[in-house]
């Protein structure tokens, strides 16, 4: 139910606002879980950066909190208990302020998602070894999925110190090698030529231009849901104050 309808029926059916809050929590939780569990590169993009990961954890926690608050709101509305209604109002207010702060932080962080930001991560954390580095494993998954190499291209790995030390005879990591799409396991076409830096056997496009659009869609989607929930919470707080005065 939209926030406008929620406002219109506030006087006759206040529980509709609480129900909208619960449904928003369920929708938010379902959206994040779908993105993380669906076989796409989004889950690797989330894992590759601590800020993305923390943001995802925040959304999951927020979803659960909204569900719990929805139950508390239903109980408070049914009993018309001034104590429960005040508690409900204060908790919603705290969540509202936290969401507003998170939304502003996410907006500011969006403008930091430059090529230089991802280049620094690649240089500092990429090792080429999936077994010892989670960052490397997720980076390799992205490069294989999108058929890209590095942030800007294969030359990025010439400046990745740990990769150069561990793989002195490799121009690029295995994840940058072109693969045979006709085989079930998408085997590398020619590993030796790829490691030697032969252009025909390497994915030469950088990953930044390929994934930045998906990252923006991810952020915009969560942002739109966040704004929707903030609007609902405003009406829920109005409803809580009205019931508190009536109780």
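Note that Cβ sites are derived from N, Cα and C of the backbone, with glycine treated the same way.
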### transmembrane segment range according to TrEMBL, out of 50-78, 137-165
50-78
### Query
Of the listed stretches 19-38, 50-78, 217-244, which one has the most C-beta pairs under 8 A with the transmembrane segment (84-109)?
217-244
### Query
Looking only at residues six or more beyond either end of the transmembrane segment (50-78), which have a C-beta under 8 A from one in the stretch?
14-15, 17-19, 21-22, 24-26, 28-29, 32-33, 36, 84-85, 87-88, 91-92, 95, 98-99, 102, 106, 109, 222, 229, 236, 239-240, 243
